[in-house]
Amino acid sequence: MASTIMAAASRAVVAKTPFLSGQGRAASASPLRDIAAATNGRITMGNDLWYGPDRVKYLGPFSAQTPSYLNGEFPGDYGWDTAGLSADPEAFARNRALEVIHGRWAMLGALGCVFPEVLQKWVGVEFKEPVWFKAGSQIFSEGGLDYLGNPNLVHAQSILAVLGFQVLLMGLVEGFRINGLDGVGEGNDLYPGGQYFDPLGLADDPVTFAELKVKEIKNGRLAMFSMFGFFVQAIVTGKGPLENLFDHLDDPVANNAWVFATKFAPGS
């Protein structure tokens with residue numbers, strides 16, 4: 001059984017997937033299809049089922065049944081598509097890829113929004129400004145912007161240089177992921193794997209890989225909502241997420257979404 005699963009996974013992973021190319025959902029686009037066939041169509045994580053027709057579903061308040069095109073072959077498919085956004089195979093393939101990529105960046109972004117406040121509060125790392133939406137403005141100060149508050153690490157004084165360097169780094173990673181360069185990817189532009197994208201071999205086992213996909217998409221969705229919450233907090237309270245959390249814990253009645261929503265006025 002194990003050899004059958006690994007063979008099926010290998011055949012599926014090597015095949016090129018058309019996530020952003022507009023080619024629709026080809027037969028090779030989902031490694032899970034072949035894996036599920038080798039395991040009688042059931043891949044379970046704990047006591048729950050996340051794939052196939054018997055998976056956990058959430059239809060929402062306006063859907064009577066799961067659409068036929070949402071058959072549970074992809075991670076994070078709860079059968080909910082009231083607006084029919086996934087009815088077109090090409091749009092579905094593109095939107096699914098965009099969701100995964102945005103979820104990954106949101107997870108990194110959410111960590112970056114909280115981590116400086118944590119370091120300054122509990123580790124003792126001194127930042128000129130630990131709050132995420134205020135930190136960038138430090139580059140315009142006389143001393144410039146220091147990475148981790150240490151001028152001996154990365155000292156930035158040019159906003160154009162910072163933007164250019166960020167575009168270069170993100171572009172290289174995305175280019176490697178999409179093009180599948182030798183030694184970088186395995187031909188799958190959404191889950192490239194290989195020594196650079198999976199150096200610990202976490203996805204070597206196909207069943208574990210299927211579970212990790214579910215965990216990734218669920219945490220990615222949560223991170224995207226978290227980032228949206230951070231944006232709203234920044235506009236309404238002018239404070240970072242950690243400070244807002246402690247304010248709420250200190251006085252939940254005076255510091256909550258309802259109170260701020262009823263008192264908020266733009267520009268105040």
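Cβ coordinates are placed from backbone N, Cα and C, and glycine is handled just like the others.
Swiss-Prot lists 1-45 with the feature transit peptide, giving sequence analysis as the kind of evidence. For Tyr58, the entry in Swiss-Prot reads chlorophyll b 1 binding site. Swiss-Prot lists Trp80, Ser86, Glu99, Arg221 with the feature chlorophyll a 1 binding site. What Swiss-Prot records for Arg104, Val154 is chlorophyll b 2 binding site. Taken from Swiss-Prot, the feature transmembrane segment covers 105-125, 153-173, 222-242. If you look up Swiss-Prot, you'll see Ser158, Glu174 marked as chlorophyll b 3 binding site, on the strength of similarity to another entry. Under the heading chlorophyll b 4 binding site, Swiss-Prot lists Gln166, Arg177, citing similarity to another entry as support.
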Entries of Val154, Ser158, Gln166, Glu174, Arg177 which, being binding-site residues, have CA atoms within 10 angstroms of Trp80 (chlorophyll a 1 binding site): none
Distant-in-sequence neighbours of the transmembrane segment (105-125), which means Cβ under 8 A and at least six residues beyond its ends: 131-132, 135, 148-149, 219-220, 223-224, 226-227, 230, 240-243
Those binding-site residues listed as Ser86, Ser158, Gln166, and which of them has the most Cβ atoms within 10 Å of its own Cβ: Ser86
Shortest C-alpha distance to Glu99 (chlorophyll a 1 binding site) - which of the binding-site residues Tyr58, Ser158, Gln166, Arg177: Arg177
Shortest C-alpha distance to Ser158 (chlorophyll b 3 binding site) - which of the binding-site residues Ser86, Arg104, Gln166, Arg177, Arg221: Gln166
Neighbourhood of Tyr58 (chlorophyll b 1 binding site) by C-beta distance under 8 A, where only residues 6 or more apart in the same chain count: Tyr78, Gly79, Trp80
